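The block underneath contains the structure these notes are about, expressed in structure tokens.
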Amino acid sequence: MQQRYILALDQGTTSCRAILFDHQAQIVGVAQKELTQYYPQPGWVEHDAMEIWGAQMGVVREVLEVHGVKPAELHAIGITNQRETTVLWDRHTGRPVHNAIVWQDRRTAPLCESLKERGLEQQVRETTGLVIDAYFSATKIRWLLDNVPGVRERAEQGELLFGTMDTWLVWNLTRGACHVTDYSNASRTMLYDIHRLAWDEGLLEALDIPRSLLPEVRPSCGSFGTTHPEMLGGAQIPIAGIAGDQQAALFGQACFEPGMAKNTYGTGCFLLMHSGERPAVSESGLLTTIAWGIDGRVEYALEGAIFIAGAAIQWLRDELKLIDSAEDSEYFAGKVPDAGGVYVVPAFAGLGAPYWDMYARGAIFGLTRGTRKEHITRATLDALAYQTKDVIDAMGRDAGVPLKALRVDGGAAANNVLMQFQADLLGVRVERPPVIETTALGAAYLAGIAVGIWDQAAVAHQTAPERVFEPSMEDDERDRLYRGWQKAVRRSMDWERESDGGVQQSE
């Protein structure tokens, strides 16, 4: 029998990638192409949607050619994508009306403030699980309607379509036959009712967005059409799985039960915890989001972001010059048994969940004459683990379920000193997978399950960790260290706020 493959399309913020998986979920090949970033004004970030489409098809053809795989040997395609990034295009010509507005773009912050002033915060929170923020798609759509000449009129006449990047890719792969998205991506638009599983008419009216723009929403694992015969040499390949990047990573890490969580240690951290088949309401400023829809079920997650994670290690390297490479942090941190009472609070851009203090600033506490660079390096690594515990504890309270295990990915997950301290601090196992491509793997699993290659039980069985870090710290020691962290955070908070007739700030 000929080998059959699953193709994962990973449409990210900085690149388009195509990853070929075999039936054992092993990577056969990867192709990647960087994307141009456009910054037309400070705080604005755009992509050329046509460049994304061209780059995505280019890497698909490259990975197939390099590895001698015929399109007909593809069992299915799965798609994962940068979330929230917004494009509007003409349904007849397929041409975008403007560059795509990227998730990081802040141009709609004033519009968000006006929505808050209109008293919409509670409605948005209760309906979508999100907070009003420029991050999400809704205000990006409204900006395009209001600021690109002729777009509002064309939208109201039904000539235009909206999509996040998954929708844009499927529409092009099917030559306009399918205008669809999945539950996970829809839940990031700030327009989707995550309880009723429908676009919310009240929010569409409040934002003055025509309903005709929006795609059909389908379960994450299922049918999203087939590729048009002209796309891949006559082959019609089922597009069978879609999930936003962070939800795809949660699936790729097989976090299928409430209380299972994944943390991606990148420049910042993205933490998601599976919270069950009912949405958990957060009292800590975490986001409630749809994890995925599969087998007639919808499952939910809580999401929290840490602003500064790997960026703190880069700071040690680039600004303080304490280390020559990020990898050196493990070597120096491992030369001391602990941080020697030192705490680094990397609040360079304020603090996110659960503190939400934009006036907090970075600080180092507990310095003595005996403090060496090894202690400061160790304390900086420890800060990633402390911030993760802050968010995980908030998730446990909000979801009403304790953490079962933390599965990790991203660059800093390779740091053994950090991973052991993370396990010690949380008091649960930290599991690191052998495949670091967990986002693409999640998309491949969703597609493979839809076409009958795997089931969720098989996926759970396949995701044996490469290494498990077991907690070995005494409870008293864990509590003592964490109390010190909380004290350090309290003293970092509110640093930049005006007080006593002047501005409290560091030079």
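Each residue's number is its place along the chain shown, starting with 1.
Every residue gets a Cβ built from N, Cα and C, even glycine.
Site annotation for glycerol in Swiss-Prot covers Arg83, Glu84, Asp245, Gln246, and the matching candidate from Tyr38, Tyr135, Tyr192, Tyr300 is Tyr135. Binding of sn-glycerol 3-phosphate is attributed by Swiss-Prot to Arg83, Glu84, Tyr135, Asp245, and within the candidate set Thr13, Thr14, Thr36 the record adds Thr13 to that site. Spacing of Gln314 (ATP binding site) relative to Asn415 (ADP binding site) is 14 Å (Cα to Cα, whole number).
The binding-site residues shown are Thr13, Arg83, Tyr135; of these, the one with its CA atom nearest the CA of Gly411 (ADP binding site) is Thr13.
In sequence order, Leu35, Gln82, Thr85, Val102, Trp103, Gln104 make up the list of same-chain residues 6 or more apart from Thr13 (sn-glycerol 3-phosphate binding site) whose Cβ falls under 8 Å from its Cβ. All protein chains considered, the CB of Arg83 (sn-glycerol 3-phosphate binding site) has 25 other CB atoms within 10 Å. For the binding site of ATP, formed by Thr13, Thr14, Ser15, Thr267, Gly310, Gln314, Gly411 according to the record, the largest Cα to Cα distance is 22 Å, rounded to a whole number.
The record assigns Arg83, Glu84, Tyr135, Asp245, Gln246 to the glycerol site; their largest pairwise CA distance measures 15 Å.
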